[in-house]
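Report on one structure; see the data block that follows.
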Amino acid sequence: MFPAVLAVTQSAASASVIASESVAIPLAFELLAVVVAAATGALTARENKLDLVGAIGLAVLVSLGGGLIRDVILQEGNVYILRQPLALPVAVATAAAVFTFPVMVEKPDRLVAVLDIFSVGLFAVMGADKTMLYGYPAITCVMMGFFTAVGGGLLRDVCLARVPYIFQRSNLYAIAAIAGALTYIVLVQCLDIWNIAAAVIGVAVTMAVRWWSIRYNIMSPTEVDLHKLPEPVKKVARPVVRPVRKAAQHVSSKTSQAAEQARLRKIERQHKRDRQRETHRHRR
């Protein structure tokens, strides 16, 4: 029994080592994603009037929660937050710096939106890359990239007791993450492009899709939107208009006849007065 358990443990450890050594995304790229996501978590904590502990907690969830969900689903090797010793300290330090020195951020609302979609692109690429290195098919890589990208924000919204942002009507938030992960997988597996270049392009695609949806106000549809589709315009039948026209013509003809009769009566009265004058003159 013990040799079998030892063999399974050694195989899992070797798979973890192989995956960690063959990761195409460099460490600097990973830590950049952690810093950006941790900053968004700390800024969200400031907006919701949380204390320093709450800011650090949200920062850790946003920056490392997506990778935790991915690793738990895959069951391959160790969890990233435990395997990478710099991830947790970097997230905590970033959250403490952003929360303690608010002068570092002049417009937090706008910065949160920019950093959030940037971190979504980074984590989508990283999640797809790590899943691809374990030999999973492309559809699984895209799905894990999506979970890595939006998992941290999902945990953040759950802790704040609100509906997760990815489930709400938004400017193609989830679709942007899927587009970034899919772009990376297609470029690496189908076109054999250098991983770093593919990662940069994947992040750019994610941000471009998000910006395009915000620029042109393209929102994900809801049930209410589907029921508000414009109805076809009904044509007005001609016979409805014709009686009105005939009635107007009939009224106008009656008016003209009455005016003509009044004019004739006036002429007759004038002739009658003229005859009376002539008769009166002859009598004289």
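Every residue number used here counts from 1 along the chain in the order it is shown.
Yeah, the Cβs are placed from backbone N, Cα and C, and that goes for glycine too.
Computed from a predicted structure; not experimentally measured.
If you check TrEMBL, you get these features:
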- 250-259: compositional bias 'Polar residues' (COMPBIAS)
- 268-284: compositional bias 'Basic residues' (COMPBIAS)
- 28-101: domain 'Glycine transporter' (DOMAIN)
- 114-187: domain 'Glycine transporter' (DOMAIN)
- 244-284: region 'Disordered' (REGION)
- 24-45: transmembrane segment (TRANSMEM)
- 52-74: transmembrane segment (TRANSMEM)
- 86-104: transmembrane segment (TRANSMEM)
- 111-128: transmembrane segment (TRANSMEM)
- 134-158: transmembrane segment (TRANSMEM)
- 170-187: transmembrane segment (TRANSMEM)
- 193-212: transmembrane segment (TRANSMEM)
Stretch in 52-74, 86-104, 170-187, 193-212 most in contact with the transmembrane segment (134-158), if contact is a CB pair under 8 A: 52-74
Contact ranking winner - 86-104, 111-128, 170-187, 193-212 against the transmembrane segment (24-45), Cβ under 8 Å: 86-104
Local confidence of the prediction over the domain 'Glycine transporter' (28-101), expressed as mean pLDDT: 91
Contact between the transmembrane segment (193-212) and the transmembrane segment (86-104) (3 or more Cβ pairs under 8 Å, separation 6+): no
Cβ-Cβ under 8 Å with the transmembrane segment (111-128): same-chain residues at least 6 beyond its ends: 25, 29-30, 32-33, 36-37, 39-40, 43-44, 47, 62-63, 66-67, 70, 105, 141-142, 144-150, 152-153, 173, 176-178, 180-181, 184-185, 198-199, 202-207, 210
